[in-house]
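Okay, structure first, notes after.
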Amino acid sequence: MKLKVLTALDHAKTQLYHFQAIIIAGMGLFTDAYDLFTITPVLKLIGRIYYRSRKSGTTPPIIYTAVISVALIGMILGQLLFGFLGDRLGRRRVYGLALLLMIFSSVGSGFSVCRTRGCVLTSLCFFRFLLGVGIGGDYPLSATIMSEFANRRTRGSFIAAVFSMQGFGILVGSAVTMAAAAAFDRLDKKAKMNSPMDTPEGADVLWRVILMMGAVPAALTLYWRMAMPETARYTALVKQNVVRANHDIRRVLVDLDLPSIDEDSELGPPTQPLSEPYGFFSKQFLQIHGRNLFACAAAWFIIDIPYYGSTLFQSKIYEPWFKRPELYNAYREAYNVAKFQAIIAAASTIPGYWFTVFTIDRIGRRPIQLMGFILMAVFLFSLAGPYDAYWNDHIKNAWFLVLYAFTFFFSNFGPNTTTFIVPAELFPARFRCTCHGIAGAAGKVGAIIGSVGFLWASRSEKKDNFRRGWKPGIGMMHSLLILGGCCLLGAVITYFFIPETKLTSLEENEGSGSREEDELQMTRSVSTNHSIVLPLNDASPTV
């Protein structure tokens with residue numbers, strides 16, 4: 001038996017507020033992608049400014065690794081912490097806090113009064129860690145809030161649309177970097193007078209401006225995020241206050257056929273549940289939800305290894321298309337890196353996201369995830385197999401770029417998006433944020449392995465790598481083969497463990513119809529907040 005307010009939500013017509021919620025929730029993911037991808041051109045600028053003594057003016061590998069890793073470590077902490085708080089305190093109460101943390105740390109990342117190398121890098125890593133905590137916290141909250149507001153016919157599309165804001169974050173971040181670099185290049189007269197390797201003073205301002213601009217889109221939606229009501233599912237199922245849930249949902253979704261509830265007349269004596277609700281660390285949770293939690297965490301862990309590894313592979317592709325960095329100034333180098341990121345985002349990343357948005361509620365989560373893993377493996381193996389024999393000397397070949405772009409297309413029209421969606425649909429309301437946070441944290445462990453591991457493993461044994469601080473690795477071909485193998489493993493886990501959640505209500509998905517879970521939902525009622533559980537009659541409301 002199910003609450004009428006929840007059935008009304010499942011059958012609700014798509015309304016204006018659904019689209020507003022996509023923008024409000026998606027802006028955190030937008031800021032996420034902006035900050036995580038602009039760090040690449042920023043590190044190019046930092047290398048030119050603070051490592052001028054190095055022949056090529058490049059950031060040392062250990063610094064590059066630290067700046068990337070510290071944000072990912074922060075994301076792991078943020079996903080676990082805010083996932084837990086989202087279930088304990090409510091989605092709304094901590095939602096604005098995650099965005100505030102992103103705004104503060106985005107500004108802090110660039111607003112460093114230091115001018116010495118050690119101080120700048122320490123400050124940057126500190127605020128990047130805080131930024132990671134805020135970004136990580138946004139993942140479980142945004143996915144859960146969107147899933148609990150959506151109807152069951154379009155829920156997958158709505159959550160995918162929230163996640164697709166990452167693509168626009170990459171594109172806007174690239175555009176901001178290109179525009180700012182071009183403006184500084186034109187205004188800084190010294191950049192035209194000195195040799196290319198004599199980095200102008202304005203470059204130290206440029207990278208700060210790029211990072212601080214990441215706070216703007218988040219700040220623009222802060223008010224609306226703070227004004228959002230608590231989700232009706234959390235209020236009704238966790239707080240067990242159906243009257244309040246009914247009232248809150250009427251504020252934002254006006255075209256709903258909700259029953260009229262008079263708190264004074266409808267309340268009766270409280271009914272004690274047949275058994276106490278089980279806890280997260282209980283044997284019951286493991287029996288009912290352990291398999292699904294493992295599946296979600298494992299799939300997310302595996303996809304982030306090739307996804308982040310492929311992201312770092314971009315430098316191998318764009319470098320041959322541009323002149324050597326020694327031949328142009330720091331502004332132009334940052335411009336070129338951002339330009340290539342924009343091309344990849346527009347040509348493959350964003351289309352991949354939106355193919356998922358338009359098809360996921362028709363095809364289903366499981367088939368899209370399975371297809372994406374398999375096709376990513378196909379394209380990675382196509383890059384890896386002939387890499388040493390052919391591609392290494394023909395990277396400027398257009399087919400190489402096409403194959404690389406397809407790996408991104410099918411990651412986003414595939415597991416990179418579905419691993420964000422499925423954990424928000426499988427678990428009970430009182431565990432939903434926590435389980436999504438655990439799955440996402442597992443993904444970011446994979447991201448650290450993919451980014452840091454690939455960064456070092458893909459290096460060859462050439463002498464120039466030793467001079468620039470790199471230790472020998474296993475080479476690009478073997479690294480790409482490993483990434484392709486990870487995708488095949490992800491396909492196996494998807495096939496055997498991931499359930500399908502298409503067109504079902506969140507309550508139907510919980511524990512795959514567990515009898516124990518249904519019993520608890522039918523009987524829970526609390527007298528302290530004067531709430532009431534209303535069973536459905538046989539006729540579903542017409543919406």
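One is the number of the first residue shown, and numbering goes on along the chain from there.
Just so you know, glycine gets a Cβ as well, placed from its N, Cα and C.
These figures come from a predicted structure and were not determined experimentally.
As recorded in TrEMBL, the features of this protein are as follows:
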type: DOMAIN; residues: 21-502; note: domain 'Major facilitator superfamily (MFS) profile'
type: REGION; residues: 507-526; note: region 'Disordered'
type: TRANSMEM; residues: 21-42; note: transmembrane segment
type: TRANSMEM; residues: 62-82; note: transmembrane segment
type: TRANSMEM; residues: 94-113; note: transmembrane segment
type: TRANSMEM; residues: 119-137; note: transmembrane segment
type: TRANSMEM; residues: 158-185; note: transmembrane segment
type: TRANSMEM; residues: 205-224; note: transmembrane segment
type: TRANSMEM; residues: 293-314; note: transmembrane segment
type: TRANSMEM; residues: 334-356; note: transmembrane segment
type: TRANSMEM; residues: 368-387; note: transmembrane segment
type: TRANSMEM; residues: 399-422; note: transmembrane segment
type: TRANSMEM; residues: 434-457; note: transmembrane segment
type: TRANSMEM; residues: 477-498; note: transmembrane segment
Inset, instruction - Could you tell me the mean pLDDT over the domain 'Major facilitator superfamily (MFS) profile' (21-502), as a whole number? - result: 86
Inset, instruction - Could you tell me whether the transmembrane segment (368-387) and the transmembrane segment (477-498) are in contact, taking contact to mean 3+ Cβ pairs under 8 Å with a sequence separation of 6 or more? - result: yes
Inset, instruction - Sort out the residues at least 6 away from either end of the transmembrane segment (94-113), same chain, that have Cβ-Cβ distances under 8 Å to it, and list them. - result: 27-28, 31, 35, 78, 82, 85-86, 119-120, 123-124, 126-128, 130-131, 133-135, 137-138, 141, 145, 207-212, 214-215, 218-219, 221-222, 225-226, 228
Legend entry - Intrachain neighbours beyond the transmembrane segment (368-387), with Cβ under 8 angstroms and 6 or more residues off its ends: 299, 303, 306, 310, 356, 359-360, 400, 403-404, 406-407, 410-411, 413-419, 422, 476-481, 483-485, 487-488, 490-491, 494-495, 498
Legend entry - Cβ-based contact of the transmembrane segment (158-185) with the transmembrane segment (293-314), 3 or more pairs under 8 Å: no
Legend entry - Residue numbers, six or more beyond the limits of the transmembrane segment (21-42), whose CB comes under 8 Å of its CB atoms: 67-68, 71, 98-99, 102, 106, 109, 128, 131, 135, 138-139, 141-142, 145-146, 149, 158, 161-170, 172-174, 176-177, 181, 207, 210-211, 213-215, 217-218, 220-221, 224-225, 228, 311, 314, 333-335, 337-338, 341
Inset, instruction - Would you kindly list the residues that approach the transmembrane segment (334-356) from elsewhere in its chain, counting only those six or more residues past its ends and only Cβ-Cβ distances under 8 Å? - result: 37-38, 40-42, 44-45, 160, 163-164, 166-168, 170-171, 173-175, 177-178, 181-182, 185, 206-207, 314, 317-318, 321-322, 368, 405-406, 408-414, 416-418
Inset, instruction - Six or more residues out from either end of the transmembrane segment (399-422), which same-chain residues have a Cβ under 8 Å from its Cβ atoms? - result: 139, 143, 147, 156, 159-160, 163-164, 167, 296, 299-300, 302-303, 306-307, 310, 313, 317, 344, 347-349, 351-353, 355-356, 360, 365-366, 368-369, 371-373, 375-376, 379-380, 382-383, 391, 439-440, 443, 490, 494, 498, 501
